[in-house]
Amino acid sequence: MALQERLRTLVTHTGPSIEDVRRLGGLDVSYSKDGSRLSAAVVVLDMGTLNVEQVTTYEDTPKFGYVPGLFSFREAPPLLAALENVDPLPDVLLCDGHGIAHPRRFGLACHIGVITGIPTIGVAKQAMIGHYEEPDGPQGSWSPLMDAGKVIGRALRTADNVKPVFVSIGHKISLDTACDIVVHSTPKYRIPQPIRLADQASRHVLRAGTVT
DNA sequence: GCGACAG
DNA sequence: ATCTTGTCGC
């Protein structure tokens with residue numbers, strides 16, 4: 001927790017505008033059913049077409065348990081290991097978890113951003129802290145996620161009439177641009193394509209290692 | 001003290 | 001996260 005308090009002071013809220021983004025990265029980690037193995041995946045997509053350019057995975061064993069608020073210590077190491085084999089690196093990374101919408105304002109997306117220096121966005125399926133009102137039905141509708149009187153993110157509708165996702169900045173990006181990128185990268189389903197494909201890729205790796 | 005608590 | 005069973009909708 002002390003490390004998070006120190007690293008959070010390095011987070012910045014400005015960065016590229018959506019026109020500057022040529023490649024988008026999606027990050028996710030899957031676990032074997034008994035929890036003894038994990039697979040981290042990075043999928044790189046072309047920002048304009050959303051075509052897949054590269055898929056990289058990294059397998060390991062979990063080194064840190066799941067503790068709410070300390071999630072990045074579990075998933076950042078394998079994700080950073082996978083990123084070492086990615087070339088060229090994406091202009092922006094979409095992370096499966098929160099950015100500053102975190103008890104100490106330093107979730108997984110912030111951690112990945114500060115360590116790599118790459119702009120990052122946090123996309124979570126559930127709110128961890130904060131309060132919000134239900135956004136309207138149409139895709140792109142949003143409402144602020146508030147905590148302690150401050151805006152820490154947004155509840156964003158990524159597709160018509162589906163449950164919203166929770167977007168917060170990770171590092172080197174504005175909340176407006178972060179939401180623009182998330183909506184742009186969600187052509188059909190609730191979960192942005194980069195994260196959705198990373199989820200599939202990481203899961204497929206674990207199944208490939210299963211004896212059937 | 002009690003409830004909440006990303007994945 | 002992962003597992004389980006069923007339902008709704010395109």
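Including glycine, each Cβ sits where the backbone N, Cα and C put it.
Keep in mind that TrEMBL annotations are predicted by a computer and have not been checked by a curator.
According to TrEMBL:
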- A:Asp28, A:Asp96: Mg(2+) binding site (BINDING)
- A:Tyr66: site 'Interaction with target DNA' (SITE)
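A:Asp28 (Mg(2+) binding site) has a Cβ environment of 26 other Cβ atoms inside 10 Å. Residue environment of A:Asp96 (Mg(2+) binding site) contains 24 other Cβ atoms, counted within 10 Å of its Cβ in all protein chains. A 10 Å cutoff on Cβ-Cβ distances gives A:Tyr66 (site 'Interaction with target DNA') a total of 12 other Cβ atoms nearby, all chains included. In the three-state DSSP reading, A:Asp96 (Mg(2+) binding site) counts as strand.
When the Cα atoms are compared, A:Asp96 (Mg(2+) binding site) and A:Tyr66 (site 'Interaction with target DNA') turn out to be 14 Å apart.
Between the C-alpha atoms of A:Asp28 (Mg(2+) binding site) and A:Tyr66 (site 'Interaction with target DNA'), the distance comes to 15 Å.
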